[in-house]
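Undergrad: Would you mind keeping the following structure in view while I ask a few things?
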């Protein structure tokens, strides 16, 4: 696991870039917005409410968006391109805390078990898929530069570990799975669009009251530390299919250095095991050959 040391110069390429951020009005999203503006980027925020603090820049625009609504996100991207002519980077950041209790015994007026809420899964997973899907469309359509655009997705340490906030953990595991699969598809199609993730540890975003965190002896990191990792993944076009873990200002790449090697051990690649995606690639190729022969 390699530590990453992010220097100010590493982010300089973001000057004049156009970045769409969902959930950019508070927490990690707002911290990232402010950093990008300081770097000279142009930021388009999609959120339910305007920024919680004044963002004093003509290069930042706010658009009221419910990220769980497909048409709202479509409008966000359309307006971003109308404003700036292109979209260079997308930060799929909008999220909420855990909401569902899968052990609840609450009954409705008919005496039946109450359906659990899907709000956290809708915001933290479904909406992220919406954001990335639309981002891929715009980046592919515009055929920007050879370096391509990039998508950064917010996962969490809860997405790689056991975490008893079940709906939140499920969504964050889903973020990782979605990004992994999307990276493989983009790579297979030789697309220049990059997808990466960040996995922050406890961060001061209002997820938990500060007095509670202090009582359990945990000092959350500031959102600005997390935003710096997101900006770094946008700026460094060598970063593809990676995930940066952030804890108290320390940055470490964990997908390629830890988790993928662990998967290879599960499959036992060293002793002839074959990764599932390698098999799927051969299946797709073989089906294409059969289809071509059938049409001859």
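Cβ atoms here come from the backbone N, Cα and C positions, even for glycine.
On a predicted model such as this, the values are computed, not experimentally measured, just so you know.
What Swiss-Prot shows for this protein is this:
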- 28, 66, 93, 168, 172, 205: NADP(+) binding site (BINDING)
- 155: active site, proton donor (ACT_SITE)
- 168: active site, proton acceptor (ACT_SITE)
- 172: active site, lowers pKa of active site Tyr (ACT_SITE)
Undergrad: Out of 66, 93, 155, 168, 205, which of these recorded positions shows the lowest number of other CB atoms within 10 Å of its CB?
TA: 66
Undergrad: On the three-state reduction of DSSP, what should I expect for residue 66 (NADP(+) binding site)?
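TA: The residue in question, residue 66 (NADP(+) binding site), is coil (DSSP, three-state).
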Undergrad: Taking the Cβ of residue 28 (NADP(+) binding site) as the centre, count every other Cβ atom within 10 Å, in any protein chain shown.
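TA: Around the Cβ of residue 28 (NADP(+) binding site), 28 other Cβ atoms lie within 10 Å.
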Undergrad: What residues, ordered by sequence, lie under 8 A Cβ-to-Cβ from residue 172 (NADP(+) binding site) and sit at least six positions away in the same chain?
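TA: Spatial neighbours, sequence-distant, of residue 172 (NADP(+) binding site): 124, 155, 156, 158, 159, 163.
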Undergrad: Considering each pair of residues in 28, 66, 93, 168, 172, 205, all listed as binding NADP(+), report the largest CA to CA distance in Å, no decimals.
TA: 19
